[in-house]
Amino acid sequence: LSLFGLVIIFPVLFTDEIGFTMQQWLWIWGTMHVTCIVGDVFWGITADKIGWKRQVMWFGCVGCGITTLTFYYLPMISGDVFLIGVLCAVLFGITQSAFVPIVAIFTALEPNHIGATLSAHNLAAGLSNFLPSVIATVLLPVFNEIGVVWAFALLYFFGAVLTYFIKVHQPGLKEKPRKVIQPKPDNVNI
């Protein structure tokens, strides 16, 4: 959510209130997206080891809740320190990319209806692009930027609670690794 919501409120916040130049803000936001690309690969590998649901709940939902708040508060406190802005963007990008196993979770929940499952996933992805702008539009005039940031963070924390109740079987996670028996060279006919 906040990926598409912060970009609505942060350019003005970072340039007008904190004091970054527009070029610095664009570098900060661009760094976050580059981090997401690298993070996608990292989290894709990690999810198979620690569990899809566990990763989404703790590193995705809780992580994004924390880094959304960090992305707001740390630059507000430190001022226009470019490296602090970049650090916040990197942390935010790392946690955003932790949602990589969502597609695997969706398809594991309903393996006999992959087409419908992927359609539901695409609908959810589309709504996550649309709803943040609605949230920002409704809350910004009443609660300012801080209210919007807290709304996004609280939605992530609520998402972690909901994720706890998802029951999904992840192949290979609880199974003991099988030992592969290597053939002896003298028993192999070529």
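Just so it is clear, glycine is given a Cβ too, placed from its N, Cα and C backbone atoms.
No curator has checked TrEMBL annotations; they are predicted automatically.
Bear in mind that the values here come from a model prediction, so they are computed numbers and not experimental data.
Here is what TrEMBL says about this protein:
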DOMAIN    1-190  domain 'Major facilitator superfamily (MFS) profile'
TRANSMEM  25-44  transmembrane segment
TRANSMEM  56-75  transmembrane segment
TRANSMEM  81-109  transmembrane segment
TRANSMEM  121-142  transmembrane segment
TRANSMEM  148-166  transmembrane segment
Stretch with greatest number of CB pairs under 8 Å, the transmembrane segment (25-44) reference, 56-75, 81-109, 121-142, 148-166 candidates: 81-109
Rounded mean pLDDT for the residues that make up the domain 'Major facilitator superfamily (MFS) profile' (1-190): 93
